[in-house]
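Asks: Below: one structure in structure tokens.
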């Protein structure tokens, strides 16, 4: 199994809480729709990523439909430590979903940060930051019904305009037994505005559980700076890892070795062409000219992509 080639020392620590108590800043691959699936998780784990999340999965669909389970969640022996992120609004539904993945994952995360309109309209994602009692109830239910005390239950949030409300939400979640909290340092309305790292620092100082900082981290240097600014115990990266899956190993841009690794892993996993191609478009963004992008981005088959990589990069 491809996942078995993970040999980095951090990944020997299979328990997420052990990572947070290791004295090192935990390097985390964010939940990304369509992108943070098994093949990509396998790739970033080769390049010093300590902890990976699945894409967000709607818990109700997952519990109800075997088809949804098969398409949304795949893993293997090397895919640890792994957090499955769910969108949920009912405690028992979240519990049922957690019970299904418990034998295969190391924890679940409740999404309280997705600002997309469809999610909020359904009662999922970022609207939950305004329902601290419901969040508390969901965390408590999972804690009470999962027998494994090593199984983590975390939440990922955005911040309120009034930070006191965010601190209150976090403290309520902590009192219920949440393992750690990931804070995306923007409000629901903010998209590309600067991240409020000062807010993450205040939250960190108000809590005794680990806090993970998220938002606009594109390089290992950025990760170190955000750690120093906020005191966060972990750094979660999304787009920075899409652009450079080797980022946590200190590479400034995607090395050719990483592109080769992606090709090998994606082919072995039977990754659908669109996903395979999109990942390469992100990875090669910084290392290709405008002219090259025009050609590469319209390639329409795996064999055409492989020929291009071989001809231009010897991959």
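Heads up, the Cβ atoms here are built off N, Cα and C, so glycines get one too.
Okay, these came from TrEMBL:
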ACT_SITE  114  active site, proton donor
BINDING   31, 32, 33, 85, 184, 238, 239  FMN binding site
DOMAIN    29-292  domain 'DUS-like FMN-binding'
Asks: Out of these recorded positions, 32, 33, 114, which one has the fewest other C-beta atoms within 10 Å of its own C-beta?
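Replies: Per-residue Cβ counts within 10 Å for the recorded positions 32, 33, 114 bottom out at 33.
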Asks: Among all the protein chains here, how many other CB atoms are within 10 A of the CB of residue 238 (FMN binding site)?
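Replies: The answer is 20 other Cβ atoms.
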Asks: Would you kindly give the Cα-Cα distance separating residue 114 (active site, proton donor) and residue 33 (FMN binding site), rounded to the nearest Å?
Replies: 11
Asks: Provide, as an integer number of angstrom, the distance between the C-alpha atoms of residue 32 (FMN binding site) and residue 114 (active site, proton donor).
Replies: 11
Asks: What whole-number Å value do you get for the CA-CA distance of residue 31 (FMN binding site) and the residue listed as 'active site, proton donor'?
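Replies: The Cα atom of residue 31 (FMN binding site) is 10 Å away from the Cα atom of the residue listed as 'active site, proton donor'.
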Asks: Consider each pair of residues in 31, 32, 33, 85, 184, 238, 239, all listed by the record as binding FMN, and report the largest Cα separation in Å as a whole number.
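Replies: Greatest Cα separation within the listed binding residues comes to 17 Å.
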Asks: Could you tell me the mean pLDDT the prediction assigns to the domain 'DUS-like FMN-binding' (29-292)?
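Replies: Residues in the domain 'DUS-like FMN-binding' (29-292) carry a mean pLDDT of 97 in this prediction.
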